[in-house]
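The following features are taken from Swiss-Prot:
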- 9, 10, 11, 12, 13, 14, 15, 16: ATP binding site (BINDING)
- 11, 12, 13, 14, 15, 16: substrate binding site (BINDING)
- 105: site 'Interaction with substrate tRNA' (SITE)
- 126: site 'Interaction with substrate tRNA' (SITE)
């Protein structure tokens, strides 16, 4: 059985480059690989610079899926992503190709790799919790979630209001989960997880340079072009790191340096959460992103890459 290859890790660790190198090596062996995006913000059309989305010319003729599938006004949901990504992967496997799942959005990755089930939604509960978030802030919601579902509270953290609302909505629908296991559930399909790592003292300068590069490459102009398309009204897209700050810069609420510094701080915080999330993958093969023989070590871990 062909396994899913998952390339995961924090922002700035080189996931896209490694996934393309693996696909190239498989192609040299007569195997076909196709890449499936697992970065929530790369789902959006037009959000390219701030998400480090690979342009077509840089994709080395490797098929890419789950990119540019949503308008900025649409809400990205893990449940919706899970169904579509699994449909795509099933098609890749049916063609005898190797699916390479690539991304840093931890819950999106886990929703594909593991046997996650997502409860439905209740608009009345959601609206009530969103009003409470607007009135009291995320701290109160996080304290309540910590009592009702400690594992979810630890996973989400105290500042992600949107995810806190969703977690509390699920608790109200399904009941409290005080003893829910924090371990990953059963695999959906055989997979080999490659987790890229970097020491924090080397990752942080990469992240800071990445933010500077986003502004230099035209992120503010990209955001200016997306605002008429409804970016400010997008439940998910409007909150994307970098995009929210660039929009506030355009509105005169932040200077350029303030917008960049806020983006740097949020990017560092997000990277810490990514490291924590992927650190829970007990079966992952940990790979040092600085290793000169990174590709060889990655291929050694992949049954699909053996001639």
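Placement of Cβ uses the backbone N, Cα and C atoms for every residue, glycine included.
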Around the substrate site formed by 11, 12, 13, 14, 15, 16, list the extra residues of the same chain whose Cβ is within 8 Å of the site's Cβ centroid.
9, 10, 17, 52, 104, 196, 289
Fewest neighbouring Cβ atoms within 10 Å: which of the recorded positions 13, 105?
105
Inside 10 Å of the Cβ of residue 15 (ATP binding site), count up the other Cβ atoms and send me the figure.
25
If you count, for each of the binding-site residues 9, 12, 14, the other Cβ atoms lying within 10 Å of its Cβ, which residue has the minimum?
14
Using the alpha carbons only, what distance in Å do you get between residue 11 (ATP binding site) and residue 126 (site 'Interaction with substrate tRNA') once rounded?
30
Find the one among the recorded positions 9, 13, 15, 16, 126 whose C-alpha lies closest to that of residue 105 (site 'Interaction with substrate tRNA').
9
